[in-house]
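Step one of this worksheet: look at the structure below.
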């Protein structure tokens, strides 16, 4: 290279190379290009930046902590249970106040079950028998309550009976009451505290209004008009899902309470507040008998004076509330901005690519523009002479 | 077209069309362009690739399984409960060792409650009465413990009393002890097993050091110096959140234990290890009396010899630990790499667009460069002659 | 500017500026460019669009609700418990049917524990003693069951004994049975209802086949051949994870049931169905004695006739099932499409950048092409004259 070469390289390093353009004085293509430019720019500004806020980095993996607390008492008077008052410790399962909680609204109680033998319930198809040989001993009854002892129990002179089983006896036989036991549960309230944090932005907030008014939370109720009070009346929650409380109280159900945080952290933190949505999460199944509603069985265990265990079996129907939190936060970030601006500029390239096609192939004078746009140069084995002649000709075309 | 046309097309198919550049020997713009190029390249390499690792495909939807096991016993001697030893089965709710568990640290016990009538607690505002008509029978006391029977119970000759209610009697009257019952809970330990899996990359790991030393987990304790031992002392966890254990033990609280996995799967699997963060999740509420701390009520049910149910009501204050796992894994993937390289190249286009503007409009000799950059061609109704003349003129400008 | 300038601006507004290209009649570079173009296009169409479906907007933050219901009874006959039948209320913890449930398969029962003093278990290393001074009173036994009373209990004339402790006595001493108590749990079934919703697309579905056949869910079992029946036999689930049921039933374990929804919402909703995956989530730990298997302790509390509390302590071994739902839905969206097309076009730019390098620096006639591609213009202090001469020379080079 030598010093001269180095100097040349150094000089050319700061030469600015700019693309040479051919100005095609063609109004149609020009207009088309401007239209494309304007639409791409409009799309970029309006849709990508204003509506979709693609200039923001988003965090959708929020951390959330839920504390729930149900309040309310109700009084029932039934033939099986007598006069009874139900308070929170009685009807909320589990008691801890987590994000999933269940409120008993209906009960089938089978008291004083002991481990012994009795007749299987007649409502279990597999337990029907005509004679002892229909009840192979030791075999559990399919979808039943115990294991067969080998005897077929028939009442009086009936031809048909049910197998004797070893089980928690007597077995549950009562069917679901058609009127909910705790229909008054609609007036219970639940207080939902939600604490969220977006780890990417280290931003945290709660759904409880930051107020100094100590009585606010004692007296308020959530309603679309009062969205900062996270105390919900169960009956209202059910009605907001479009369900009927009495119907869901009889056969049980699952209700989703969705708390949605959609936070633009480029704005003030107070602009970041939750919205609540209420959905019934089991009503798709109502057609299938096996899967309608929501219920489960649990038992309370006791010991008698002789130390023998007995239990009360509860088949609890009720409403399970699933508090689900989801959200996203967005904050200005240079990388998505650049990716989107870059994509927009590349899109402009797509626009001029399309206009080039029109100019070169689809308009009347396209042949003329093609010659102008593309300058043919040739080198190689054909020799310089030929090239020069061609170049000259191309020059003459311009001059002609 | 004919055979000649086909041949021409075939030939031109492998012509390489390259943009024609005008070299503007202008040091200022050249320098500007080089500066822009260098900054974009630096940004791309340093920020996008090295810091943000945008060449990686990321998976943020990890699957996680948590097993927790609390250990520790403590002894209390109070007037209500007498001498009592508390073990894990007594103070951990629920017992299953899931990711959310509650350790009782303080208790208000109301033993031997039965379904009968008694006076409502005087601390319930709605229960105050002067005469029987203040207690409409059958109506529940708002935020109270039962339904009114219709009588107003006044002690001695007091003017004011509380309504008689049908409820679990006697009602809870004791207030929260100011000294935690289980203050020694600070020495309990919890062992947290965490198994994670990133489904997109089919990568799974646990937070327990893969060691052959059987005594390691028997003796170790987690500390910032010993991060591979997932056995946490409750008192230390509370202190790491900046809270005072005795204070949280009295009124309860929620503590989040966040396990964060940030794994670069392009490195060795052993480089992928969890980090632990400890946060108090309820302290924002401390100003509001209704929402300070964390407590819930539960009951243990018994039957007496006559088969009548009675219960012991517990109002449990304590610490709920929410073990939350979040994480992301990244692995080299060609698609995000290409998107980012593509955006970078497009960004270079933005750079030259900017320099073009400067060259053509903002420098002294911009008019000269504009003429060089843009070669005006015209075709159409004006006739070829005019064009040719113009072209010739433009040629002459160069030659002149 | 004047009116003439405005008119000129208006006219030039609709001029179309198109880049001027130099056609290099070089077959090698031309072929190289075409090859690059074809590969980029193929990559874009096949990988980005067909395989990765990058033209879709995706939603990975799905909302999900799980209801589980275990069915089955089993009969055991052991020396401690006698003849006993186990039903769902006995062996499922917690009973509510949430997404995490535990099925007891093995039990260590310590009945009739009362708050009193007894000897600590000899299996606790810290409790061993030779004389009373080894048992400082009031101090809890590390990893033990109670607090020391100060006495060292030695049987007969043995030199070594264990400290007397105040605890729930007698302490748990039995070791884990080697044969599972509820080995028949393998024939239990669990019905898993899953309701999902993709909030971004407002699309919801369940995993239960939408059938009018009422007997379908009564009789079906899930199998790879019958994927629309969400009723799982526990034994099959365990075997699908590659584990042995008897082994996991003895020492417990955690099994993850993953429900994966991968929905292309551009297709029919019926094409969006779940896939099930079964994993053992604790087997990594099997080498460590402290962390093998899964068990926890819980107690049932009773009162005797005198009102004194006693309890039965259960150390439950069993299988915890974690039903985890994850999924993503994709739907055509213009923004990711544009970003990806834009990136593809930018990639083409990378291709021509590479070919330019080859053309200008790496082929034989590169000097010739360089001169053609770059048209040097110079302005400034050198005066117009010099420029014109250079321009003329460059023109002459072409003409020569």
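Glycine residues also receive a Cβ, built from the backbone N, Cα and C atoms like all the rest.
Annotations in TrEMBL come from automatic prediction, not curation.
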If TrEMBL says B:69, B:70, B:71, B:295, B:296, B:297, B:315 bind ATP, which of B:178, B:189 does it name for the same site?
B:189
Do you know which of B:11-30, B:31-50 TrEMBL annotates as transmembrane segment?
B:31-50
I'm validating the feature mapping. Which of B:318-340, B:341-363 is tagged transmembrane segment in TrEMBL?
B:341-363
Is the transmembrane segment (B:31-50) packed against any residues at least 6 beyond its ends, judged by a Cβ distance under 8 Å, and which are they?
340-341, 344, 347-348, 351-352, 354-355, 358
Take the recorded positions B:135, B:263, B:296 and keep those with a Cβ under 8 Å from any chain A Cβ; what remains?
B:296
Of the disulfide-bonded residues B:118, B:135, B:220, which one has its Cα closest to the Cα of residue B:70 (ATP binding site)?
B:220
Take the Cβ of residue B:152 (disulfide bond) and count every other Cβ within 10 Å, whichever protein chain it belongs to.
21
Between the disulfide-bonded residues B:118, B:163, B:169, B:272, whose Cβ has more other Cβ atoms within 10 Å than any of the rest?
B:163
Where among the binding-site residues B:189, B:295 do you find the Cβ with the fewest other Cβ atoms within 10 Å?
B:189
Using C-alpha positions only, work out which of the recorded positions B:163, B:169, B:272, B:297 is nearest to residue B:220 (disulfide bond).
B:272
Recorded positions near chain C, Cβ-Cβ under 8 Å, from B:69, B:71, B:135, B:169, B:229:
B:69, B:71
For residue B:229 (disulfide bond), what is the secondary structure by DSSP, using just helix, strand and coil?
coil
Excluding near sequence neighbours, so keeping only residues 6 or more apart in the same chain, what lies with its CB under 8 A of residue B:229 (disulfide bond)?
B:209, B:216, B:217, B:220, B:221, B:222
Calculate the distance in Å between the alpha carbons (Cα) of residue B:69 (ATP binding site) and residue B:263 (disulfide bond), and round it to a whole number.
26
